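Okay, so here's the structure we're looking at.
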Amino acid sequence: MRTLWIMAVLLVGVKGHLMQFENMIKKVTGRSGIWWYGSYGCYCGKGGEGRPQDPSDRCCFVHDCCYGKVTGCDPKDDFYIYSSENGDIVCGDDDLCKKEVCECDKAAAICFRDNMDTYQNKYWFYPASNCKEESEPC
């Protein structure tokens, strides 16, 4: 029952393209992005401050920085077009901004895959109060 409640809480804030990001993470890693990265470390999930706690958390930090550089659309709400070709994610959209968002998500999904062995359960639902160190620049 507790697991169902946690999943419901994590899904409440998911909008627009964030479900595309979830699907992309699942395709690349075989893991649910919401479950594994929805509230992890200092940067995975809503918000982000302090220093990334490990390489998996750094994937989220870099993803947040990538979103911060996107202009002309809303990275969390706007849908983009992508496909999977020979196991690779291919971002294809006539809208440059949406393509950039897709590329941010693709890079994060690949980063999660490449750092799966660094994932530490102690950073799952990590308290924000532990994320007070000075943040590094993007």
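Cβ atoms here come from the backbone N, Cα and C positions, even for glycine.
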| request: Check Swiss-Prot: it lists Tyr43, Gly45, Gly47 as binding Ca(2+). Then name which of Asp54, Asp64 it lists for that same site. | output: Asp64
| If you pull up Swiss-Prot, which of Cys102, Cys104 shows a disulphide to Cys91? | Cys102
| task | Would you kindly give the Cα-Cα distance separating Cys97 (disulfide bond) and Cys131 (disulfide bond), rounded to the nearest Å? | result | 31
| field | Those disulfide-bonded residues, out of Cys65, Cys73, Cys97, Cys102, Cys104, that come within 10 angstroms of Cys44 (disulfide bond) at the Cα | value | none
| query | Setting Tyr43, Gly45, Gly47, Asp64 aside, what same-chain residues sit with their Cβ within 8 Å of the center of the Cβ atoms that define the Ca(2+) site, listed in sequence order? | reply | Cys42, Cys44, Lys46, Gly48, Glu49, Cys60, Phe61
| Which recorded positions (Cys60, His63, Cys66, Cys111) fall within 10 Å of Tyr43 (Ca(2+) binding site) by Cα distance? | Cys60, His63
| task | Name the secondary structure element type, per DSSP in three states, that contains Tyr43 (Ca(2+) binding site). | result | coil
